[in-house]
Amino acid sequence: TRSLSITPVEPSMFEKAQGEKVTLPCTFVLSEEDEGPLDIEWVLIPADNQKKELIIIMYAVDRIYNHYYAATTGRMQFTNPDPRSGDGSLDILNLKSADTGTYQCKVKKAPGVQSQKLQLTVHVKPARTKCSVEGPQEIGKDIILKCASQEGSPLLSYDWRRVSGTKELPPTSVLNKNTGELLLKNASQDYSGTYQCVATNRVGMDECSVPLNVTPPINTAGIIAGAIIGTLLGLSVLAFLIFCCCKKHREKKYEKEVHHDIREDVPPPKSRSSTARSYIGSNRSSLGSMSPSNMEGYAKTPYSQVPSEDFERTPGPNPTFAPSKVAAPNLSRMGAVPVMIPAQSKDGSIV
C-alpha cells in the first residue's frame, strides 16, 4: 500500500552565518490513499529533552499560521506560498545565533504521517579583530605579535603574513593558529615591516595589521645616570629651600628675643612707696636748710600725716613747700631721724 513520503535530505546539517538566509528543505509525495486534510508543521526541538517542542509555523485547512513563536515572527515563511504542491520547505531570514538548533518537518494527510529532522548551526563571522605588539621592539629581543577577534564563533583560526619587504615571515618565527600569537625570536632590524593577521572560521574572515620597527637597544646606562643626576639636583634644591626656611625662622626668633630683652631693661614705673620716700627726702633737705629763726612756724604747727593725694603725685625736681600751707610729715612713722626744733618760752628764752 502506498502512503505519503518525504524526500530525504543529505546532509541533514546546515551551517550559515549570522544575518544570512537559509532554506530547510521538506518536499513530500502524496498517495491516492491519503484522503484526509493536509497538515504541515515545523517545530523547534530544544536541546533539553525536558522542554516542550516549539511550533514556529504551520499549514492547516488551507491557511498558514506563523505567529506561534514570537522570536521568529516575520523571519520564517514557507518557501512555496501553496504547500499543497508538495513543497513544505522553510525559509529563515536574517539568521541569529539563537536560531541554532534542531528543526523537524511533519507532514500529515490521513492516514499517512511522515517527519524529518534537520540540524541548523548559525555561526558568527569574525569581527573587530585587533593586532598588537608585546615586548620591546629592539634588536636581539623576543617580540610577540598578538591577534584576537572580539566577535566570532569557534572554531576560530588565525594566520599571520608579512605584507611588506620580502613578504615572508622571519625564519625564527613561531605561529600558534589557535591563540593568534606570532613569536619572533632574537629579532633583527630586518624583521621590521608591516604584518597582517587573518582570522577565519566556517562562515567568514576578518583581518588586521600592525607595523613593526626593530631598533637598536636604548642606552639604559645614560638614562639611569641622567635620572640619578636629576634626583640629586632635586634633593639639593629641596635641601637649599629647607635651609633658607630654617634660617629665616631663626632670624625671626632672634629678633623677637632681642626686642623682648630691650623691653625688660626699661625700669618699671615708680610705686606709691617710692613716691612717698622721694617726697620725704625732699622735705628733709628743706628742713635742713632752715635756720632757727625760720622754725617758729613749724614749732607751732603739730605734725600730721601727709595727705594721700600728695603721695600719689610725683614731686618735681626741686620741690618747695610753704610752712604755712604744708604740714610737716610724721618722720617717726617714716623711719627718719627726728629733728629738734627750738621753742621760745614765756620769758623769751629759747628752750
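The backbone N, Cα and C atoms fix where each Cβ goes, glycine too.
Keep in mind it's a predicted model, so treat the numbers as computed, not measured.
Feature annotations, courtesy of TrEMBL:
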type	residues	note
COMPBIAS	257-267	compositional bias 'Basic and acidic residues'
COMPBIAS	271-294	compositional bias 'Polar residues'
DOMAIN	8-121	domain 'Ig-like'
DOMAIN	126-215	domain 'Ig-like'
REGION	257-327	region 'Disordered'
TRANSMEM	223-246	transmembrane segment
Tally of residues which DSSP labels helix, strand or coil - the domain 'Ig-like' (126-215): 3 helix, 49 strand, 38 coil
Per-state residue totals over the domain 'Ig-like' (8-121) - DSSP helix, strand, coil: 9 helix, 54 strand, 51 coil
